[in-house]
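According to TrEMBL, the features are:
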type     : residues  : note
TRANSMEM : B:41-66   : transmembrane segment
TRANSMEM : B:114-134 : transmembrane segment
TRANSMEM : B:188-212 : transmembrane segment
TRANSMEM : B:232-255 : transmembrane segment
DOMAIN   : B:232-426 : domain 'ABC transmembrane type-1'
TRANSMEM : B:267-291 : transmembrane segment
TRANSMEM : B:303-323 : transmembrane segment
TRANSMEM : B:360-385 : transmembrane segment
TRANSMEM : B:405-423 : transmembrane segment
Amino acid sequence: MKKSVILGALTVASLVAGGAAAATLDDVKARGKLNCGTNTGLVGFAAPDANGDWQGFDVAVCRAVAAAVLGDQSAVEFVPTTGKTRFTALASGEIDVLARNTTWTFSRDVDLKFTFIGVNYYDGQGFMVPKSLGVSSAKELDGATVCIQTGTTTELNLADFFRVNNISYEPVPIETNAEAQQQYLAGACDAYTTDASGLAATRATFEDPTAHVILPEIISKEPLGPLVRHGDDEWADIVRWTLNALIAAEEYGVTSANIDELAANPTSNPEINRLLGTEGNLGEMLGLPADWAVKAIKAGGNYGELFEKHIGENTPIGLARGLNAQWTDGGLMYAPPFR
Amino acid sequence: MSGTHAHTAAYVRDTMLPEQAPPATSVGVLGWMRANLFSNWFNAILTLLSVAFIYQVLAAILPWVFQSSWTANSLNECRAQIDAAYGPHAEGACWAVIRERYLQLIFGFYPSELYWRPILAFALTLAALGPVLFTALPRKMLWLSVAAPFLVPWLLWGGSAWVPVAVALGFVLGYVAFRVVASVAGALLGAIAAGLVPVLWWLLLASGWAGLMQSVLPLGIEAVDSRNFGGFMLSITIGVVAIACSLPIGVLLALGRQSNLLIIKAICTGFIELIRGVPLITLLFVASLLLNYFMPPGTDFDIILRVIIMVTLFASAYMAEVIRGGLAALPKGQYEAADALGLDYWKAQRLIIMPQALKISIPGIVSTFIGVFKDTTLVSIIGLLDPLGFSNSIRANAEWNGIVWELYGFIAFMFFVFCFSMSRYSMYLERKLQTEHR
């Protein structure tokens, strides 16, 4: 078995080599499944539930893309990736899209040759301290010991922040979020710093969450978004506009509850009609069926519904919309027009 | 002379005294304690200190283990239940997470309606190992050991039943080629043919033949992607394959390293030193990242297969050195005796050298096995969801975020069961073969 698979794989490899540059969309359609890189586990963003189904805010993006392309939100093969393996998995073609709370940075976009297709969550690095420390601002953390995950941008941001404010700190390097929680609770460090969403999720697990405060300072920009490989703009367009469709749907008041009705009876709003494919031929331009956006939105709901379901204020994580509100509500979520 | 004594002594006992029970301080529990725990004042102090230490540890752990919650659906519910049952501030384990997720920790994402397949595969593996490990079992069971390497992967991955048949056919063809060519053109050409024919078969014809047979007579079970493997099933799959393959490869490498043939010796030494000089985690990164770059884009070379190959190579290199240690411990006279009997190289190895060398190496071999099995947890670093990887994924659910000890405790317990069994088996084998009286 083993040998035959290797040899088979090698044979296939040499056959496939020629046609490697085929369009991702065709590959996905031929395969009947979307290969989506996701986190091995991050609260609210990606985690397998008791039935082994992946759930979360990043996962929802994958499901929406699968629904738009293949018409079936469950036609996704989730590939758990770590911080170290995620970019190789995407570059080598093991996955079609990476939706793994990845910060959009210049070097990743340009040097690593990926295309970030948008931002599905604006995050930023914050601090959490025990209330008993009596600190109300990160600038008062002079001389504090800080638990920090090694090898991440948070480590560099932390150094920058303390240098800019001319105060000292002592880093306590840790490997995983779980370890950080234990260290922080055991008092090994005065403060714990990571993305604000992670802090909120961590604090929600404490026996007494009220004994800890998240300081108001956000010391970095962490626009998290899905990404695809350079060089296949058609595919990038599909993923980009699927995300935009989710965001626009919230703006126009299209929800999973009323979408069937709106799609069946064209409304007086031409923008909604174009989005839902009852007017114009946007789907055709993408190479998808006319109701691609309907399928994508029905997969889990519009952007606002996904937010509320996975990380919103009614979940244990309890994140406020903040920067992730629609632009009409003072946030940064702004989908370009569907025209 | 016999009478003199009676005259000089006033009293002579003429019956034996009945045996008296030994003093209470030297028998039973008391005597055992006196002999083993309180034989002098220093030992007595050490005993008391040890008892106090054990008490402290148990007093801390046991309440936590037993003041637990099995029924909750989230960590907060666990805490509430434990507080309600054992009073506020009671510390207790939240075993509910194990109750909810133990199937996931064991089978990963394997489809739940197909759980019987890995279970059957595991039972089959045990049954196949039985006659190899225990000579008392009926020899007929060895047929099972021959069939298992083809049946077990088929059960795990599913698919057409003709694929394992095609692979097995390769071995049959190799054997036939050996018999035919060896009888015509000598043993060396026979060996070459035996190596070449199966490889050609697998490479060029096997998949076509399997496809043809499948279209003529469809026979198969639902295929399961290796992506769905996880938990202990993944660890055991990687561990068993690596263990089973590393021993024969290790024997060949050890012999190659001692060989007089320059090129074989150089290749074997180079391989062993290269693999041993590199940490396993590096090899795993090579398997998961570097190979991806080398292969043409779009190649779907199964990640678990890549990992199994790397772990097997790693284990083989260590195994080779352990066996070389056994070979080196054999007196030179044994080799000379084999030569004097006129045995050829392979016969000498099979009948005289290897049985003794392997016997000496048993403790080293088994500890390499245990090490390999435990090392399989490193695959969590490259994103495969082995038990440790899964514990992280389970924690990523909002309900279970913050649970640490319960998951690690369960995983440690499972690993202990496997590793302890291996260790006990090696002791049984050593006793049976009595290596110490060599």
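Backbone N, Cα and C define each Cβ position, glycine as well.
TrEMBL entries are annotated by machine, without manual review.
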Are the transmembrane segment (B:232-255) and the transmembrane segment (B:303-323) close enough to be called in contact, which here means at least 3 C-beta pairs under 8 A that are separated by 6 or more residues?
yes
Sequence gap of 6 or more, Cβ distance under 8 Å, 3 or more pairs: do the transmembrane segment (B:360-385) and the transmembrane segment (B:267-291) meet that?
yes
Chain residues outside the transmembrane segment (B:41-66) and at least six past its termini with a C-beta under 8 angstroms from it
90-93
